[in-house]
Amino acid sequence: MLPVTADLLLRNVASPTGRRADIAVTGGVVRHVGAAVRADETIDCSRFTCLPGAVDMHVHMRGGVQADKEDWRSGTVSAVAGGVTLVVDQPNTVPPITTPDRLRARIREAGEQAVCGFAINAGVLPDADLTGMWKAGAMAFGETFAAPSSYGEGLDLESLRALFARIHTLGGLATVHAEEVCGTAPETLAEHDRARPGEGEARAVGRVGELAPVGMRLHFCHLSTAASVRAARGSVEVTPHHLFLSYEDFDPDNTLARVNPPLRDEATRRALWSCWDAIDVIASDHAPHTLAEKSVPFRSAPSGIPGIETMVPLLMAAVYRGRISLLSVIEKTSWRPSEILGLPRAGFEPGDRADYALYPDELTRIDASRLHTKCGWSPFEGSEAVFPEEVIVGGVRVYAHGDLLEARPRFCPGKGYLLQ
Ligand code: NCD
């Protein structure tokens, strides 16, 4: 009889290259590939497409005084139900994360409630204690608002230059929300698009790139046009909503589709797909607001839409329809974000993090009433999607067939943490 050598054995896993193998996991890490071992638990993957767990490097988990929109529990259950096993939270909380004490409190809140891996970014404001937060475990800096957002004014270019210099000295990654805003109080989605135009976004991306010291780690959040992708001197993130939705899909004053950067017109959306190969990361910018908050006149509605649970399912539908390759989805949702953040990657080789999501063959449609986000709505209602049946975090099955089985919170600090 074979000795018990693994916690978990994934049998008949097809890698993106088509090779089938058994993957043995111990202590949350892949130990053997292709070797027949006995394990405490075995999952037969032969009828699934097995993806490494996604790393969503742009989410707003809310919580604290905003827990009616979302909290760490509902937000991370939504994550795993969509095949995301590690989330990177943005610091525009109320109050914002600008001090080591606030960062530590945020880590505690997440540690008590999250069901998967998590990291927390540091807020970038002139009076923020960047060094203190870096040492307290911040994963990255930002999103840095180089434009006004739902939560306040953007930074001017000189402040941004000075903050970049400080972040570069620390060896940190700066993540930036770059836009130009030239109109206020739009009444419709088309006016919102014109008030934060695509050309302005591309110009802002170019300007921000010029401010960064040579060799600095720079990442552009949620670029919404092909011109912005071309203008970026740094890694490029794009959201599912800018790829799959245009404002023409909605009634002109539909507040649910209001988001920054705005949804663009159909031609711009299609042109963004032409840059698919140049996109480093797909991230959701999961930014839930309650239906009550969105049920106001367009001009005063908050910007932001939920998307963590539908991100990989929408992309998997595009894979099944033959529009994009499975490997490109793995790279943009898991491997590239891990590389940019300096995290060990999830995957199929010895030493890889044992985070996976198992997708069935069938396409289904998004039904917001079945999603796990607290906000209870989705702009992707009715879209084709493939949801994972089972999700594994750190070698442990945490989610199966719509039910959470176990919570596996794990704090992932940034590189500055080691200095303490
Ligand atoms: C973000 C949010 O709600 O936190 N909203 C959004 O439309 N992306 C903040 C922001 O980026 O404006």
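Note that Cβ sites are derived from N, Cα and C of the backbone, with glycine treated the same way.
Since this is a predicted model, take the numbers as computed values, not measurements.
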Can you find which of E112, E143, E266 TrEMBL lists as binding Zn(2+) 2 at the same site as H177, H222?
E143
Among H242, H289, H372, indicate the single residue that TrEMBL lists for the substrate site containing H60, M61, R62, N92.
H289
Which of D280, D285, D352, D355 shares the Zn(2+) 1 site with H58, H60, E143 per TrEMBL?
D285
Near-site residues: substrate, ref H60, M61, R62, N92, H289, CB cutoff 8 A to centroid:
V59, G63, Q66, K69, E70, Q90, T93, H286, A287, P288, G304
Which recorded positions from the set H58, H60, R62, N92, H222, D285 come near ligand 1, judged by a Cβ under 6 Å from any of its atoms?
H60, N92, D285
Measuring Cα to Cα, how many angstrom lie between R62 (substrate binding site) and E143 (Zn(2+) 1 binding site)?
14
Apart from E143, H177, H222, which residues in this chain have a Cβ no more than 8 Å from the mean position of the Cβ atoms of those residues at the Zn(2+) 2 site?
H58, Q90, G142, F145, T175, V176, A178, F220, C221, E237, N260, D285
Is it possible to get the count of other C-beta atoms within 10 angstroms of the C-beta of H289 (substrate binding site)?
26
Which of the binding-site residues listed here (H58, M61, N92, E143, H289) have a Cα atom within 10 Å of the Cα of H177 (Zn(2+) 2 binding site)?
E143
Going by DSSP, is H177 (Zn(2+) 2 binding site) part of a helix, a strand, or coil?
strand
